[in-house]
Every structure is written in structure tokens, then in C-alpha cells.
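The feature transmembrane segment is assigned by TrEMBL to 96-123, 135-163, 183-199, 237-263, 283-308.
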Amino acid sequence: MFAKVIGRRLILSAFILLAVSLIVFGATLLLPGDAARAILGQQATPERIAALNEQLGLNQPAWQRYFSWLGGLFVGDFGTSTASGGPVSELLSQRVWASFILMAAAAVISVPVGIGLGVYSALHRGGRRDQALTGVSLVLAAMPEFVIGIALIAIFATSVFQILPAVTLAPPGDPVWMRPEQLILPTLTLVLVVTPYIVRMMRATMIEVLDSGFVEMARLKGVPETRVIFRHAVPHALGPVAQVVAIQLAWLAGGVVVVEFLFRYPGLGQALIDAVTYRDVQVVQAISMLVAAVYVVVNLAADIVGILTNPKLRSAA
């Protein structure tokens, strides 16, 4: 039964990705301007523009271009960049790793910090520490990532301390992880966006578990409080939180675009902005599908984790 549920989730995910591919392809058709004119410049003659459109296959019917592009996706062929003339996969390979490192660094910090602060807040519920953590979490959760990023730049890179670079200035071809100081502000921005949601969910779930009957029973049996908390309460509270964590990690795939643009970070987000600017349709399509695929896969993982950690869902499956 569990295998059937996972199978249905996989089929649904495949249909979602197919629908996303249609939306992405249709949206790129609506981009203003002409790709050939963007490459050749405004002074290009109609003959040269027509020749380049023929070379790039832009004269073909939209449905034919869509199925050709979709077929390439199944074999890992994202096409050829209309701006650089090189394969999109080679163009984005280093960008993918740069974005992955940024998202992984944010996840490694935000998940344990969020869970730890949530447990701490629950253990001090109603007190000043709990109220302070709850207030800060609510404020941060209400702020867009670009506002948090601008505030961090103002504090640490310009007017106050001036100890960190405001933008990422890695030379072309130089891996960004070779300059770790340039990762601090983008990573911290993502951490401050993701962590509050984990804190709030962990606090609420932990309070519910601490008030449950089996925890009270453990205390009546004389089990030490530390063991009650970390052996019994925390593991039971992690189940529902796991889904929130997975959703926040999925959000990172899209939220990183704004952060990379703000800090000029050489990842997929910055590449997407540049591709839209130069109307590099193949790159726009490839990045959009990569982001969508990460989002769908992480949400699929969240569904599986939710089924495995929730007894009611597990029995229903």
C-alpha cells in the first residue's frame, strides 16, 4: 500500500514537471524583443536577423520547438545558448555548484539552529526568552529576503562595520567557495529567512508533545527531565517539523534567485537574470526547469517523510 502511495506521488510529480515545462516554454515565447536582434544588435539588417533565426531554429512552429526541447531534457541536453553559442549544460555547470553550495550552507546552519531554538523556546514558554524569540521570529518571517539582505549589507558592508564585501567579486572561472568571506552575507540572508519558520513550528510541536500523556507518564515514573526531553519529546516533535524543513529547503531553490541577484552571486539566480536581460531563451528554460525539478523533488521527499513519521498517515497508506 505504501508503495502505491509513493507511486501516485511520483506520477503526480511527473505531471507537475510536464505542466511546468509547458508554462516555462510558453512564458519564454512571450518575452519581449527578438533573440536574434538581441544577439546581433539594433543595427543588424533584416537579412542577417532572418539567417540567424534560421540557424537557431526559431523559424520552426512553436509546438515543434517544444517537443524538440522536451526530448532534449530527457537526455540531459538543455540546448545551445543563443548568446554565447555554447552548450547550456557547460555554461551552467559551475553556476549549479555555486548555487548548491549557497543553499547547502544555509540549510546546514538553519535546520539545527531552528530546531534548537524551537526546543529552547518551548521549554521556556510564556517567559521573556520565549517572548523574545517568538517576536524576532515573527518579524523576520514577515520580511522579504531582499529587505533582510539590504539590511545586512548596510550593517556589515557599508555604514556600520564594513567588515564584509557587499557583493561577490569572484573572477570568471574562479570557484566562489575559494573566497568564503563572500559567502557569508548571502548565506546569512537565507538563514534569517528560513530559520524563523522552523523555530515557530518546532516550538508549537514541542509544546504539544510536552503536554501529551506519555511525557507526563515518563515524568511520573521518575525519568530524569533531560532524558524526557531529548529521548522522548524531541524525537516525537521532529516528525511534523521534518515536512516544514523540507518545504523551506524547497523554497531555497526559488528564493536563492533574489539573494543571488542582490549580492551579484555567480549562481543560477544571477545567470537567470542575465539570460532574461539578453533574451537567452535556452538558458532561461533550463534554469527554470532545474529550479522546478528541485522544488518538486524536495516536496516529494517531504511527503514521504510525512508519511513515514506520522502514524496516522502511515496506517492510511
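Every residue number used here counts from 1 along the chain in the order it is shown.
Placed from the backbone N, Cα and C atoms, the Cβ positions cover glycine too.
Automated prediction, rather than curation, is the source of TrEMBL annotations.
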Segment proximity, the transmembrane segment (96-123) to the transmembrane segment (135-163), 3 or more C-beta pairs under 8 Å: no
Same-chain residue ranges lying at least 6 outside the transmembrane segment (96-123) that approach it to Cβ under 8 Å: 129-130, 133-134, 175-177, 183, 186-187, 190-191, 194-203, 205-207, 210, 229, 234, 237-238, 241, 245, 248-249, 252-253, 256, 259-260, 265-269, 290
Intrachain neighbours beyond the transmembrane segment (237-263), with Cβ under 8 angstroms and 6 or more residues off its ends: 99, 102-103, 106-107, 110-111, 114-115, 118-119, 144-146, 149-150, 153, 166-168, 185-186, 189-190, 193-194, 197-198, 201-202, 205-206, 208-209, 269-270, 272-273, 291, 294-295, 298-299, 301-303, 305-306, 309-310
